[in-house]
Amino acid sequence: MDKQFRSLCLYMQIAEGSKSEHLISYITLTSHLHHTLHFLLPLVWSPHALSVLLLQVEEEAQVSRSLPIDDASMGEITNVMEYQAIAKQKLPKMAYDYYASGAEDEWTLQENREAFSRILFRPRILIDVSKIDMTTTVLGFKISMPIMVAPTAMQKMAHPDGEYATARAAAAAGTIMTLSSWATSSVEEVASTGPGIRFFQLYVYKDRKVVEQLVRRAERAGFKAIALTVDTPRLGRREADIKNRFVLPPHLTLKNFEGLDLGKMDQAADSGLASYVAGQVDRTLSWKDVKWLQTITTMPILVKGVITAEDTRLAVANGAAGIIVSNHGARQLDYVPATISALEEVVKATRGQIPVFLDGGVRRGTDVFKALALGAAGVFVGRPVVFSLAAAGEAGVSNVLRMLRDEFELTMALSGCTSLADITRNHVITESDRLRVMPSRL
């Protein structure tokens, strides 16, 4: 930081002199200098001076970001939740708040975690657990563990490698990465990182020709399934983004839509993203569009955002290949149940016809076990991936996947399970179970 700051002062003196005095006091308070420069300097500096400074600061920032994860400034990382504090320190407030915040009162954001803590274990003992098999198959694709990467948008706000790093880490871990429609790397760019099983998360735009083109690009790039997000006809009220006037940094674009005449995510009176969604995302999306998607692609379609039995039955009836129980990371409608609380209702409604997956609140291997015990075929992890990406790039994402895998394996061993098939409903006690066994007070 000191070296970067000295460079900043030098170039400020050369290029603009006294014009920069007010900016210096702000930048000294930030901990992620290169992001601050991208946001602020275009407002006060000439393009030539800006480009020269950004080049030098970015080179120095690259060195800083490449430090090993066990660097003394970070300490010993022992669980995935510790990455959030590091990300908060490193990221600009606007970027961190975008990743971390939920809708309105953030009740569901908190409940996504707390609901897991109310589920208890019923472990079995004296079972040979010297060999444990965590492999599974998702839509016909074999993966190393039932832990996959959820779609998180705009990952280059977290780290310059963005989705490239996440794709490489997921592939190395032998699991699935889901790429967001609103990625800062295109489907073709992510495919160029090498082999790996990848799904594509889809928002349906008003211009269906754009949707059709994007789906076919994903298929040509080797993506294996579509995760159709169905809970976002409008963007939830994310008050942190409103306060911050959230907008994508000017050096980044939504790569999958680059070159298309779809408007830009510009500054707005509240959230630039909310304004963009209002202008582009199709509010008329309905079950008939699931059928329409099946006519333009051979990829299986997962319906992402289901939390009720009624919608589960409709998903099955309309040919969904699977369901992702999701409340959009608690970023859409507040006061909906935690996904782990809604999971069993959805699983029962499928009657075993299609697989059910879960995202939202997964932070421990114990959470993975609980989800599988309640009927999930696997889980998707979002925020821990993006926070670890901000903290340490690809190495951070790899570490998150390794820690979750190790914790899950330990939970299986201590519960007496040697394969995923061994994990049953009898291994957990939920709140409803406890209510049913309470003695009558009459």
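Note: Cβ is positioned from N, Cα and C throughout, glycine not excepted.
According to TrEMBL, the active site, proton acceptor annotation covers His328. Annotated glyoxylate binding site per TrEMBL: Tyr98, Tyr203, Arg238, His328, Arg331, in sequence order. For 151-153, Ser180, Gln201, Thr229, Lys304, Ser326, 359-363, 382-383, the entry in TrEMBL reads FMN binding site. The domain 'FMN hydroxy acid dehydrogenase' annotation in TrEMBL covers 72-433.
Cα of Arg363 (FMN binding site) to Cα of His328 (active site, proton acceptor): a distance of 16 Å. Per the record's binding annotation for glyoxylate, residues Tyr98, Tyr203, Arg238, His328, Arg331 show a top Cα-Cα distance of 18 Å.
Cα-Cα distances to Lys304 (FMN binding site) place His328 within 10 Å, out of the recorded positions Tyr98, Arg238, His328, Arg331. Separating the Cα atoms of Tyr203 (glyoxylate binding site) and Pro151 (FMN binding site) is a whole-number distance of 11 Å. Taking each Cβ in turn and tallying the other Cβ atoms within 10 Å, the top scorer among the binding-site residues Pro151, Gly361 is Gly361. Within 10 Å of the Cβ of His328 (active site, proton acceptor) there are 23 other Cβ atoms, across all protein chains.
Inclusion criterion for the recorded positions Tyr98, Arg238, His328, Arg331: a C-alpha placed within 10 angstroms of the C-alpha of Asp359 (FMN binding site); this criterion is met by His328. Of Tyr98, Arg238, His328, Arg331, all annotated as recorded positions, the residue with the shortest Cα distance to Pro151 (FMN binding site) is His328.
Arg238 (glyoxylate binding site) sits 12 Å from His328 (active site, proton acceptor), taking the CA atoms of both as reference points.
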